[in-house]
Amino acid sequence: MARVSLLLGVLLACSATLAAANFNQEFDITWGDGRGKILNNGQLLTLTLDQTSGSGFQSKHEYLFGKIDMQLKLVPGNSAGTVTAYYLSSQGNTHDEIDFEFLGNVTGEPYTLHTNVFTQGQGQREQQFRLWFDPTKEFHTYSILWNPKHVIFMVDDLPIRDFRNLESKGIAFPKNQPMRLYSSLWNADDWATQGGRVKTDWSHAPFSASYRGFKADACVAVAGGKTRCGASVGTEGSAGAAAPAAGDWYNQELDLTLQQRMRWVQRKYMIYNYCTDPKRYQQGLPAECSMQQ
């Protein structure tokens, strides 16, 4: 555990810094009838779930590639049956989506971090992890680095998954549809905890998750199918085209050291990988599973 803490500290110290955005300026609370709140002059957002309803919010902007960071502190105690979802998504039957979902558990048992990637409406690319810390005690940063070559999931800047662009091999990749950032806290006790065997204990309600430190170094979709990237807000390009004003993230890949750290996380903390579940696929594993992911 000490080695993990040291590693995370080094990564955080080396990470680029952007000023945290104001939630009032960047997000709309879209449902929950007052259960979602923006507090502290826009620096904190909370979502609440009770037996009547959950709650959720979405970004005012749509993004086409970017480095998205959010600090979350998850529902403490007996969170069984609850799901805190944090994801990018476009709309429609052929939507793209990049998911973090945090599946609650009974007191003393670990959360499950569930990841998935949808391309053109097709998902079923789940990888699940245990976390190496208690995500309810402090805020931790969960990031999506999405560029034309990679979708990289990170926890406190430590990569845990890399979905690569393998279009040359016939594998669809999310690169043409701008996506909003969404988050919600909701009841999913039919499946979320131990396959639905453990139900939500409403005597512990209301359940609450907290958000702060949102940062988006990204290309924002604007009128006419254009994008506006990074600090150079006057520079626009066509959707899907190169983004010269974007930050280093636009061409970022995992170097050998970060690949090794990702493999270490996957060896120690991954508990499910769709690519190692052949019983699920009658026609054989998805094509990308035969290529290094």
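Note that Cβ sites are derived from N, Cα and C of the backbone, with glycine treated the same way.
As given in TrEMBL:
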| type | residues | note |
| --- | --- | --- |
| SIGNAL | 1-21 | signal peptide |
| DOMAIN | 17-211 | domain 'GH16' |
| ACT_SITE | Glu97 | active site, nucleophile |
| ACT_SITE | Glu101 | active site, proton donor |
| CARBOHYD | Asn105 | N-linked glycosylation site |
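Positions of the features from TrEMBL, shown on the structure.
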{"residue": "Glu97", "record": "active site, nucleophile", "Cβ within 10 Å": "19"}
{"residue": "Glu101", "record": "active site, proton donor", "Cβ within 10 Å": "19"}
{"residue": "Asn105", "record": "N-linked glycosylation site", "Cβ within 10 Å": "20"}
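Asn105 (N-linked glycosylation site) and the residue listed as 'active site, nucleophile' have their C-alpha atoms 25 Å apart, to the nearest angstrom. Predicted-model confidence for the domain 'GH16' (17-211) is 94, expressed as mean pLDDT.
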